[in-house]
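**Student:** Not my notes, these are from Swiss-Prot:
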type	residues	note
ACT_SITE	HIS194	active site, proton acceptor
BINDING	30-58, ARG100, ASN139	NAD(+) binding site
BINDING	ARG107, ASN139, ARG170, THR249	substrate binding site
MOD_RES	ALA2	N-acetylalanine
Amino acid sequence: MATLKDKLIGHLATSQEPRSYNKITVVGVGAVGMACAISILMKDLADEVALVDVMEDKLKGEMMDLQHGSLFLHTAKIVSGKDYSVSAGSKLVVITAGARQQEGESRLNLVQRNVNIFKFIIPDIVKHSPDCIILVVSNPVDVLTYVAWKLSGLPMHRIIGSGCNLDSARFRYLMGERLGVHSSSCHGWVIGEHGDSSVPVWSGMNVAGVSLKELHPELGTDKDKENWKKLHKDVVDSAYEVIKLKGYTSWAIGLSVADLAETIMKNLCRVHPVSTMVKDFYGIKNDVFLSLPCVLDNHGISNIVKMKLKPDEEQQLQKSATTLWDIQKDLKF
């Protein structure tokens, strides 16, 4: 007997399993993972979004909650699973899973705990999506991007850390607040380590091509009576402040990740400060991942922009690299 569906639908194509062409997987459905997921969904970047986590009840609940909002989205399929087979065929895999940073805890203190988690995550991702781009968000992001590269066996241009994309966004927001100009028209870069030893490029700050350093030579120095140096301190402190106030950060990093995902999925070739292998750049001799301005496309990182840094900025970058290497060299994975 014909079902209601049979009475309603006349079949034209032969029955076949639908294929996903722009699939994105988010690993970890904590506050950051779900902020990434909803930000990606709101930008209509994928025809399928998969969620993966070890907490099955929460995972199913988050999936159902998003599915129930499907009418308001343009992503055809939202799935979830504890098994990484659900992630198969992903173009982009966003990793947010890991131990959460506690109040007052530096990102680098998280390292070994999260390395142990990555040992289980990375091989399964590569097994099911061997051609994917991996975007690492878990902290400490620079070290864990290095770990993901080592564990995955993928070429380095397909392993990206979210890095200083958010630091730079915070920097530009605070810059705009001071100047009364929207952050999209304020240009400034934060490079190096995501977090405590990040490097603000004072020499590159501009609005409409007008160099702030030329207008105000003391910019970013201890001699600056306007204390613009506090801008970078506020960037570094901001995550700790948000964690102190609400227990974790989520929305800004979620929006930052969706920004990166958009550039990758749409092959936009935009420049972002993301974490990549920096060996042989700016006198750095070790295998460390730090943020530099990178051109992103649908293959991952296609190019690195060679910023002209002042000697003190270059020294800070080298110091940042040394800080990370001192931790990396003792990792067990």
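Along the chain as shown, the residues are counted starting at 1.
Cβ atoms are placed via backbone N, Cα and C, with glycine included.
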**Student:** When neighbour density is defined as the number of other C-beta atoms within 10 angstroms of a residue's C-beta, which of the binding-site residues MET34, ALA50, ASN139 has the lowest density?
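**Tutor:** Comparing Cβ neighbours within 10 Å for the binding-site residues MET34, ALA50, ASN139, MET34 has the fewest.
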**Student:** Tell me, in order along the sequence, which binding-site residues from MET42, ALA46, ALA50, ASN139 have their CA within 10 Å of the residue listed as 'active site, proton acceptor'.
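**Tutor:** ASN139, listed in sequence order.
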**Student:** Under DSSP, is THR249 (substrate binding site) helix, strand or coil?
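**Tutor:** THR249 (substrate binding site) sits in coil per DSSP, no helix or strand.
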**Student:** Which residues, sitting 6 or more apart from LYS58 (NAD(+) binding site) on the same chain, put a CB under 8 Å from its CB?
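**Tutor:** The answer is VAL29.
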**Student:** Rounded to the nearest angstrom, how far is the Cα of ALA50 (NAD(+) binding site) from the Cα of ASN139 (substrate binding site)?
**Tutor:** 22
**Student:** Which of the recorded positions listed here (ALA2, ARG170, THR249) have a Cα atom within 10 Å of the Cα of GLY30 (NAD(+) binding site)?
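**Tutor:** Qualifying among ALA2, ARG170, THR249: none.
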**Student:** Return the residue, from the listed recorded positions ALA2, ALA46, ARG170, HIS194, with the maximum count of other C-beta atoms within 10 angstroms of its C-beta.
**Tutor:** HIS194
**Student:** List the recorded positions among ALA2, ALA46, VAL54 whose C-alpha is within 10 Å of the C-alpha of THR249 (substrate binding site), in sequence order, or say none.
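**Tutor:** Checking Cα-Cα distances against THR249 (substrate binding site), none of the recorded positions falls within 10 Å.
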